[in-house]
Amino acid sequence: MEIAVQCQNPTTDNSDCVVVGIYEGGILSPAATLVDLASGGALRALLDTGDFTGDCGDTQLLYQVPGMAAARVLVLGLGSHGKVKDSQFRKAALAAARALQGARVGRASLHLLDTPVIRRSAPACAKILVQAVADAEYHFDRHKKPADAPQRPISELQLSISENDTAALAELQGAVAEAQATARAVAWTRDMANEPGNICTPTWLAEQAEAMAGRLGIKSTILGPDAMEALGMHLLLGVAHGSRQPPRLIILEYRGGAENQAPIVLVGKGITFDAGGISLKPADKMDEMKYDMCGGASALAAIQAAAELQLPLNIVTVVPASENLPDGQATKPGDIHRSMNGLSVEVVNTDAEGRLILADTLTYVERFEPDVVIDMATLTGACIIALGHQTAAVMGNHEGLVHDLIAAGKESMDRVWELPLFEEYQEQLKSPVADLSNVGGRPAGTITAACFLSRFTENYRWAHLDIAGVAWKSGEHKGATGRPVPLLVEYLLRRARQVA
């Protein structure tokens, strides 16, 4: 989909469809006012019928409106004037995109940047529009017959503003470029995560990462079991023992910054299918455990976006990829493995495997002498109980890093909430037979999982994102969401501005 920003009067816009907004109470946006005047009151007539009220997300498609160059006008409800929140603006944008799809519109022009959104600039609103349209356009249908695959009608999207301000246009075009890179990264993440476990194996995921890296000039290195054994990554290998698919450690290095710039390291959990191992999961919804590699896919996609935007940063992404299956050679509850950093771990529950593969990886990344390390993982069901499906959890050993991630999440509408990592929680990880246990019981499960990881991050600034509640959706709209890619890209953009 091609996206452009232009100064355009909606009445002379010759797109297939022009989109304008109306607020509750019949208040017309500036663009809608121009349409109403040119048409001799067509929008006022619509309001007089009572069929359209301006509620947020309401849509009404009008054909052959007098005085309009476009064949169609989509009227979009924006909610209460002066009180439009970013979440409402996104809801309206999604509704508009779906209405355009339903009308099979090829070229659409959105005259919505005149909408005052609380605490959001015009460039921020442009990003919301682009990402909302991209989300509405996304379909994962590669395994369906062509006749069953939904069409993607929008080929050209124009964001229109009323004033021909060169500086404003340039700023908006920059925001659109960032939003498009983010949207492509989100789509890549969703594509990887939506593939079934018989396709998305650790080896396949590594191959996809290598292909992406090759396209963008990113250095890629893939380690197998022999290299892991030589490094002493026995926690990662212990998780992989139950699978016939060999594990992979995927390492991508993007060097856009100065040679002496310490890298930002992204670590993502890459369990391509998680049956729980010997601590077998219930059958209900076990199919969704293909999404247990969403953290890994997100970390890979974030470096893709950084490379596309040519950010002046050094970034390293490391993804431990494995399956977690039951087998005669699988790790058993009570087994003890020694981690790469020398700590012995009693594996009380083999379904708490994500923290094991992350622990060895967090030790491995010390060799990059990182500025910061951010890991992301669908780690605990307890996080869903605590925060639901709207917000991810963030914890870490550096207050500034945690706050930076919270700010990036707020700006990108990919929000996170901080949970504590008080030292007292470490008591729950004590083991009578090893240096620590891989589980800390039911209380504060999300926190104790992060406490476990913290034992392997003492030599650098670190933050952990538990994305278990936000990485995918169940039910009718089942599928990966692409989170926390928007947060990660926004964080990297902010870091890049600091360098510039």
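Glycine residues also receive a Cβ, built from the backbone N, Cα and C atoms like all the rest.
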Exercise. Out of Asp274, Asp284, Asp435, which is the one Swiss-Prot records at the Mn(2+) 1 site of Asp351, Glu353?
Worked result: Asp274
Seminar exercise, completed: Cross-ref Swiss-Prot: Mn(2+) 2 site Lys269, Asp274, Glu353; candidate in list Asp287, Asp292, Asp371 matching that site is Asp292
For this session: Quick one: give me the count of other CB atoms within 10 A of the CB of Asp292 (Mn(2+) 2 binding site).
Result: 28
Problem set entry | All-chain count of other Cβ atoms within 10 Å of Asp351 (Mn(2+) 1 binding site) | 20
Problem set entry | Listed binding-site residues Lys269, Asp274, Asp292, Asp351, Glu353, filtered to Cα within 10 Å of Lys281 (active site) | Asp274, Asp351
Exercise. Fewest neighbouring Cβ atoms within 10 Å: which of the recorded positions Lys269, Lys281, Arg355?
Worked result: Lys281
Exercise. Want to know which binding-site residues, from Lys269, Asp274, Asp292, are within 10 Å of Arg355 (active site) at Cα; which are they?
Worked result: Lys269
Problem set entry | In the chain carrying Glu353 (Mn(2+) 2 binding site), residues 6 or more apart in sequence that have Cβ under 8 angstroms from it | Val239, Ile271, Asp274, Gly277, Ser322, Asn324
